[in-house]
Every structure is written in structure tokens, then in C-alpha cells.
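Heads up, the thing below is written out as C-alpha cells.
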Amino acid sequence: MIGKKIERAEILMEALPYIKEFYGKTVVIKYGGNAMIDEKIKDEVVQDIVLMKFVGMNPVIIHGGGPEINKVLSKLGKTAQFNMGNRVTDYETMEVVEMVLAGKINKNIVTKLNKFGGKAVGLSGTDANLIVADKKYIEKEGEKVDIGYVGNVKTINPRMIRILEKEGFIPVISPVGVDEEGKSYNINADYVAGELAGALGAYKFILMTDIAGILKDIEDKSSIISEMSLDDAEKLIDSGIISGGMLPKVDACLTALKKGAERVHIIDGRVRHAILLELFTDDGIGTMIKKADKED
Ligand SMILES: Nc1ncnc2c1ncn2[C@@H]1O[C@H](COP(=O)(O)OP(=O)(O)O)[C@@H](O)[C@H]1O
Ligand SMILES: CC(=O)N[C@@H](CCC(=O)OP(=O)(O)O)C(=O)O
């Protein structure tokens, strides 16, 4: 299978015609917790990202870490609870979320990028007010449900990202937002990534998860849809084919496209060299969503 044996150098040979097209362009990569299965795969992912930087692209990483948060909560005797894809976040949970995301996971990715020759800087939404948030409520049967310290992205202030990009750094961002009073909020990393990709006008927005892409039939891996328009994606949501954990992802993709990103891709981050294969091979490995059918 493509992706199993092919090595970075071979992919790069295929990538050569694309490299000029990507030069100086921002590529936002959402690295989901379920795609971070082991240190070896993580090492390979970060090496591919360093390579992207070396050939002139500007990768910006926004990471998740849901499974790791669950692990720490369970050690503290707390049960993880979700409502419409959002973790119900009381004060103690918020402290854990911030420690795990902005502390453990962020620093793990930054350290790896630096170890493999990149210059990475870790940020959370509180740094330079990068992600300004307000409290999110869930609407259920006409009622507003309070789910604690969970935020909506209100504004993205991308100035710090631009400064870091210009100086050759790779920004690594945790999905923690801050409000005007300095209160921290937990935000689903897919949503933050979509808003960030939109605000940065990303040339590519890549979501790395633990499934091949958008499937017509969730039981059948071969039913992957390799390309679709924004309208197609909205129809698949309405028909219920896109559901569960895929919903916030596709929502994030649509936000990114509507707010300024050019192309979005959903890929299986556990596949070796998944990002390079998606960007630099004609067929790609996942699902690409673009604004309209007419575009090339
Ligand atoms: N049409 C679809 N195609 C692919 N996956 C889907 C679809 N509809 C629902 N899903 C579900 O979405 C899940 C991906 O979301 P999730 O597990 O929350 O990812 P992550 O942890 O990376 O944020 C898949 O594992 C699958 O169960
Ligand atoms: C509000 C909310 O649900 N926040 C998420 C933030 C982390 C995340 O999104 O991580 P993944 O990308 O690995 O799922 C959480 O607490 O799990």
C-alpha cells in the first residue's frame, strides 16, 4: 500500500514540481490526540513538518490531546463527560486541560521539532491574546445548557504567528482561549484550527485524525470520498452521513474555507508520511474539500 513502504526521499522526488507552488505559503496542521499513537509516529510526523519548513513552507501546528486529558482525569478519579463533542469542563478539569495541553503535549511536540532541526515555539491562546474566547453554551431543546469553562473562538490575533513565521519559527498552538478578564477556556481543537486556518488565509488546512478521511459508509474503508465541494459536505451533514466526531472536523473545514483558507484535507495521521503524501502526490490519501466544483 502507498504510504507503507514509500520513504521521505521518494515522496520528495514526486514533490519537486509542487515545492515552488507552496513556497512561502502557510499550511495549518491540526494534530489530533487520536493520531498521536506513539512516539515513533510522532517523530516521523514532526520530521515531515521540519522538512516542509526547510523547503520554504510555513507550517503552523495546532494540537489536540483529548485522550491524554482523559487519562489524567481518570488518575484523579474524574470521569470524562462530553456534550455535543465538547468536554464538560468544571474548574478542576480546566486546570487539568491547561496543564496537559499547554504543558505536556505542547512541550512534547516543540521538543521533538527542535530535536529534528526545526525552530519551534509553543503558544497557547493566552500568549499575545492569540485566541480570544467567550463562554460557550449548548442549545438543547430550546434551552441553554452550561458546560463550564468551554469557549467559542471570538477573535484570532495572528500577529505573533506572522512574526514567528517570518523569523523562521514553527508555531505550535494549544487550543486554550482567554477572555477579556483573563479567564481560560477549553476549546475543541478542531474549531480552533478552523478559525486559525481562516484567519491566516492558509493555503492548506490539514486535519490529522484516526480515520482515512470522509467515508460514504463508515464500515467500509474503501468508500472514502477523495474530493468534494463545500456544498457536498453540507449535504452529507444534512443527510447524517457525516456524524459524531467527524462533525466538528467538517464544521471546522467549512469555517476555514468560508473565512479564507484555500483547501482543506482530512487525513489519517497514523499513516507514515501522511502529510507529504496528501500534499505531494496526485491522488493524495484522504479527503480534500474545496469551495466549489468549478475550481481546479
Ligand atoms: N462519514 C464519516 N466518515 C468518517 N468518519 C466518520 C464519519 N461520520 C462519523 N465519523 C466518525 O468520526 C470519527 C473521527 O472523529 P474523532 O474520533 O473525534 O477524531 P479526533 O480524535 O481526531 O478529533 C471517526 O473515527 C468516525 O467514527
Ligand atoms: C471543549 C473540548 O472538548 N476541548 C477538547 C480540547 C482537546 C481536543 O480537542 O483534542 P483532540 O483534538 O485530541 O480531540 C478536550 O477537552 O478534549
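Quick reminder: no glycine exception, Cβ is built from N, Cα and C everywhere.
The domain 'Aspartate/glutamate/uridylate kinase' annotation in TrEMBL covers 25-268.
Secondary structure from DSSP puts Lys30 (site 'Transition state stabilizer') in a beta strand. The site 'Transition state stabilizer' annotation in TrEMBL covers Lys30 (among others).
Sequence annotations record features per position, and here TrEMBL assigns substrate binding site to Gly65, Gly66, Arg87, Asn186. The Cβ neighbour count for Gly65 (substrate binding site), using a 10 Å radius over every protein chain in view, is 26.
Marked as site 'Transition state stabilizer' by TrEMBL: Lys249 (among others). In three-state terms derived from DSSP, Lys249 (site 'Transition state stabilizer') belongs to a helical segment.
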Highest CB neighbour count within 10 A among the recorded positions Lys30, Arg87, Lys249? Lys30
State the Cα to Cα distance, in Å, between Lys30 (site 'Transition state stabilizer') and Arg87 (substrate binding site), rounded to an integer. 18
Confidence summary for the domain 'Aspartate/glutamate/uridylate kinase' (25-268), mean pLDDT rounded: 96
Does DSSP put Arg87 (substrate binding site) in a helix, in a strand, or in coil? strand
What are the non-local neighbours of Asn186 (substrate binding site), defined as same-chain residues 6+ apart in sequence with CB under 8 A from its CB? Arg87, Thr89, Thr93, Met94, Val97, Glu98, Tyr149, Val150, Gly151, Pro175, Val176
